[in-house]
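Feature list (source: Swiss-Prot):
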- His57, His61, Cys127: Fe cation binding site (BINDING)
Amino acid sequence: MTKEVTVESFELDHIAVKAPYVRLISEEFGPKGDLITNFDIRLVQPNEDSIPTAGLHTIEHLLAKLIRQRIDGMIDCSPFGCRTGFHLIMWGKHTTTQIATVIKASLEEIANTISWKDVPGTTIESCGNYKDHSLFSAKEWAKLILKQGISDDPFERHLV
């Protein structure tokens, strides 16, 4: 017998949200009591735009490093299939304001100071699709997202 489940992200009204934003999706406790938080890092407005794969791939690799440099507890940051943002999975309790501040600082570094030598995991040995990267695209999208501002609320624009 198949268990009935509800996938939270499919219940979200993608028309009502106002990207870019950070949204707490869930807080769950593991079998030993450890808290895991799941955040929606929405960089572009759903159904209006999407980040091209090569740029998103490069942003993904950079966020894997830059987030860890700015906050403890990162488990994973994985892109949404719709290419509008990322799931950020963290150990412990974090606020959307904390996470939005970290994302903003990371995007500022991507936009302003990152060079190709700073992008981790771009060789055939270290990446499953190493030819599909674009630092130019990553930088342009980071600038556009920063120009719009990052909110710590998905429905009201409350910029960090």
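Every residue gets a Cβ built from N, Cα and C, even glycine.
Known features from Swiss-Prot, placed on the structure.
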{"residue": "His57", "record": "Fe cation binding site", "CB count, 10 Å": "26"}
{"residue": "His61", "record": "Fe cation binding site", "CB count, 10 Å": "21"}
{"residue": "Cys127", "record": "Fe cation binding site", "CB count, 10 Å": "16"}
Suppose the Fe cation site is His57, His61, Cys127. Which further residues of the same chain have a Cβ inside 8 angstroms of that site's Cβ centroid?
Thr58, Glu60, Val119, Gly121, Thr122, Asn129, Tyr130, Asp132, His133
Could you say whether, by DSSP, Cys127 (Fe cation binding site) belongs to a helix, a strand or a coil region?
coil
Where does His57 (Fe cation binding site) sit in the DSSP three-state scheme?
helix
